[in-house]
């Protein structure tokens, strides 16, 4: 059950976190879960606040999947105070579900942003700016002993105009500086050395 994704139609409009958050619309999904935009029902109508909420089936204690979920939460929490890492505000457990309450980035992920908006085209200054932000985020993670292992456009979130980016999705992160497992990550964004190790 934990390897399947939660059904979107069963979660749209659902309130969680003691009624504080209402799941409004799906933003995307991956192997780990489905991400929704959620409205904070306690915020003002004049200044509504949204969050991104990652929904996963709660894994059974003692299983490998349970360890993966707990590690994701642990590693993300330990670095989420950095300005260019998506903030993990809290974790909500309700019924069969585990909800990670995260910052909402209105620009969406970098992959979608690059396809739909030309703001980076012929704008070297902006490209350098967001690249430095990403390097800062990765350096901060490494300083805290967290190694992301899946850096790609889909895991980099943008603000509305693309001037600020944040690293997210720590589902494949590890604390081990050296690893014999070279299969983690997304093949299209692996380094040549890593790909060669897999192919051999």
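A Cβ is built for glycine as well, from the same backbone N, Cα and C atoms used for every other residue.
Keep in mind that this is a model prediction, so the values were computed, not measured.
Residues or ranges marked as active site, proton acceptor in TrEMBL: 150. Cβ contacts within 10 Å of residue 150 (active site, proton acceptor), excluding its own Cβ and spanning all protein chains shown: 17. DSSP assigns residue 150 (active site, proton acceptor) to coil in the three-state reduction, outside any helix or strand.
The ATP binding site annotation in TrEMBL covers 54, 154, 155, 169. Taken residue by residue with DSSP, residue 155 (ATP binding site) is part of a helix.
Its Cβ placed at the centre, residue 152 (SUMO2 cross-link) has 16 other Cβ atoms within 10 Å. The annotation SUMO2 cross-link is assigned in TrEMBL to 152.
For 21-200, the entry in TrEMBL reads domain 'Protein kinase'.
Other C-beta atoms found within 10 angstroms of the C-beta of residue 155 (ATP binding site) number 22, with every protein chain shown included.
Taken over all pairs of the listed ATP-binding residues (54, 154, 155, 169), the Cα spread reaches a maximum of 14 Å, rounded to the nearest whole number.
A Cα-Cα distance of 17 Å separates residue 150 (active site, proton acceptor) from residue 54 (ATP binding site).
Annotation note: residue 169 (ATP binding site) sits in a coil segment as assigned by DSSP.
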